[in-house]
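Right, one structure below, let's go through it.
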Amino acid sequence: MGFLVDSHKGGCGVGGGGGGCFRSLIRRKQVDSVHSKALGHHRLAKELSILHLIAIGVGSTIGAGVYILVGTVAREHSGPALFISFLVAGIAAALSAFCYAELASRCPSAGSAYHYSYICVGEGVAWLIGWALILEYTIGGSAVARGISPNLALFFGGQDNLPTFLARQHIPGLDVVVDPCAAVLVLVVTGLLCVGIKESTLAQAIVTSINVCAMLFIIIAGTYLGFKTGWAGYELPTGYFPFGVDGMLAGSATVFFAYIGFDSVASTAEEVKNPQRDLPLGIGLSLSICCSLYMLVSVVIVGLVPYYAMDPDTPISSAFSVHGMQWAAYLITAGAVMALCSTLMGSMLPQPRILMAMARDGLLPSFFSDVNTSTQVPVKSTLVTGFGAAILSFFMDVSQLAGMVSVGTLLAFTMVAISVLILRYVPPDEVPFPSSLQETIDSVSLRYSSQDVYEEKAAIHAGTSKDSKLPLLGKAKTIEYPLLVKQEAQSNFVLNEGKRREIAGWTIAATCIGAVLLTYAASDLSLPSPLRFTTCGVGGALLLSGLIVLTCIEQDDARHSFGHSGELGIDFCVLIPSKMSSHVGFICPFVPLLPIVCILVNIYLLINLGAATWTRVSVWLIVGVLVYVFYGRKHSSLLDAVYVPATHADEIYRSSGESLA
């Protein structure tokens, strides 16, 4: 019994470009694809260590929002149980962090979730993820920059006393409030990012350290005041859960967004010296540090002042003022300003690398893929990103668009979790080769076709956008040659493996549909009760059955060797049939349970973002679809790719003179 490689295999096969719009949507690239080197793309500088990654992760995650969130969430949702809300939200964020850690260590190239989606799901989904992330980082950086000048006002005695070049100015004719301070800061950060990744990360580490010191001051000084005054915030008749467990969980959903930022670590994967080791540690340690700081700050502040008496705008400063430490407000404000500056750096760091990755794949103009030979950073992409964010932050009040930032992040988190399931159960088993290797592939095909044919033969169909005179290629031709030994047991194994992949593929799809149905029905209280409960039941049944099926069936053996070995300098990874995983790096635990729960949590948060947010995001995504249809699809580097089974990739590369070692 042979095997067939085409666009319909397992419901998620990959066809070559030029085979129609649908085939372009599902074509997948291989890890660190060879075309980036073949087209002369320079690689980014490998300068980052684990300490750099922690600085990026903590700096990108801990923003000024935490200085306000503790008051708002405690007053409206959690009460004294605020620290439990942060803990639950941290655990939920850790689910995505585990998934990111595995994919980042296996596929350490620029592009983050876009890159993983392109490898595991397909070009169409990857494009939408990349397009959504562009929106996220642009609006996120602009919103952060606009928040710095109001915090600086405290040091000058109020908004009216700010220097002219820092204060916001109202333009009557245009009815626009411009913020020169925000634009200047964005341009300064842009300049830092252009100097080099090591230098910009050092600057971010310094700023982040000041922010962390401010939070440590809050914890230490607050603890002293708490023991001195008797922790009045915890001696309440309402107990620790005044809004019930539901209120505490609602608070967790709100503070979950305070953990967004660790994905910036994954975007620097190509610049990490030892990605298999350092990326998982950097993601895990940065998230752990953030969660610990959040919980300790919330424990202290809620204990100093009863939750119902907290100032919703300046909860931390007012808590210290109540106890006679008005001067602490200056330290806390300095921490908030540093947090905003660090978050601004973290927001602007990933976007040029995503643009670069998309341009390398041909989905955007090659202008964005240029890497400066001196600094080894994508200077052109960084400048475009910086000028765009500076203009937006100067002219627009983007606070109303802040919800759109969460859409890109949650979509990326969801797709990364799905990619882990695909990688474990139905990893890509075919390799896209550039059409320049057509003659080599033909010669390998001819060599196989001339061998003695056993009774058991395998049919190979490699999709390509060009017709071939040899039977391995061609759009509808097949060749029979002895890929399998004539043994009944082995033939049965191949048959079972094909069925296993098919069942796993459909089960993953059904699980995702079940998660959408369940979360939508549970969130939309306007649905009629019979319809709502029926939809919940169907969604829950699909979700539970998917979990059971994926738990019972075996994971794909190719998962052991899937990925890129940076230490060996492999530019085009092939699924070598080996169970050795010495170069794979971090392995996400509790699969399939952990990714499925991650998908469920992220889809729930996505659905509850609100109709207004989704309307704005939909406009952006529609624009992205048009750009892809009229440019990206036609210029994709996989447009003329030749797909062959991964088991033959070694020999094709040996024949073409390219070494895998």
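Keep in mind that glycine also has a Cβ here, set from the backbone N, Cα and C atoms.
Copied over from TrEMBL:
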TRANSMEM  50-70  transmembrane segment
TRANSMEM  82-101  transmembrane segment
TRANSMEM  176-195  transmembrane segment
TRANSMEM  202-227  transmembrane segment
TRANSMEM  239-262  transmembrane segment
TRANSMEM  327-349  transmembrane segment
TRANSMEM  377-395  transmembrane segment
TRANSMEM  401-423  transmembrane segment
TRANSMEM  503-523  transmembrane segment
TRANSMEM  529-553  transmembrane segment
TRANSMEM  584-607  transmembrane segment
DOMAIN    586-636  domain 'Cationic amino acid transporter C-terminal'
TRANSMEM  613-631  transmembrane segment
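Ranked by number of Cβ pairs under 8 Å to the transmembrane segment (584-607), the listed stretches 82-101, 202-227, 401-423, 503-523, 529-553 are led by 401-423. Within the chain carrying the transmembrane segment (377-395), a Cβ under 8 angstroms from the stretch's Cβ atoms is held by residues 44-45, 137-139, 141-143, 145-146, 176, 178-180, 182-183, 186-187, 189-191, 193-194, 196-197, 348, 351-353, 355-356, 359, 367-371, all 6 or more beyond its ends. Annotation: stretch 239-262 has the most Cβ pairs under 8 Å to the transmembrane segment (82-101), among 50-70, 239-262, 503-523.
Sequence-remote contacts of a segment are chain residues at least 6 beyond its ends whose Cβ falls under 8 Å from one of its Cβ atoms, and for the transmembrane segment (50-70) they are 82, 144, 147, 151, 198, 201, 204-205, 207-208, 211-212, 215, 254-255, 257-262, 264-265, 268, 272, 277-279, 281-283, 285-287, 289-290, 293-294, 297-298, 301-302, 310, 312-316, 332, 335-337, 339-340, 342-343, 345-347, 349. Just going by CB pairs under 8 A, the stretch in 176-195, 202-227, 327-349, 401-423, 613-631 that sits most against the transmembrane segment (239-262) is 401-423. Taking pairs at least six residues apart, the transmembrane segment (327-349) and the transmembrane segment (613-631) share fewer than three Cβ pairs below 8 Å and do not count as touching. Summarised as a single figure, the pLDDT of the domain 'Cationic amino acid transporter C-terminal' (586-636) averages 93. Most Cβ pairs under 8 Å to the transmembrane segment (401-423), among the stretches 176-195, 202-227, 503-523, 613-631, belong to 613-631.
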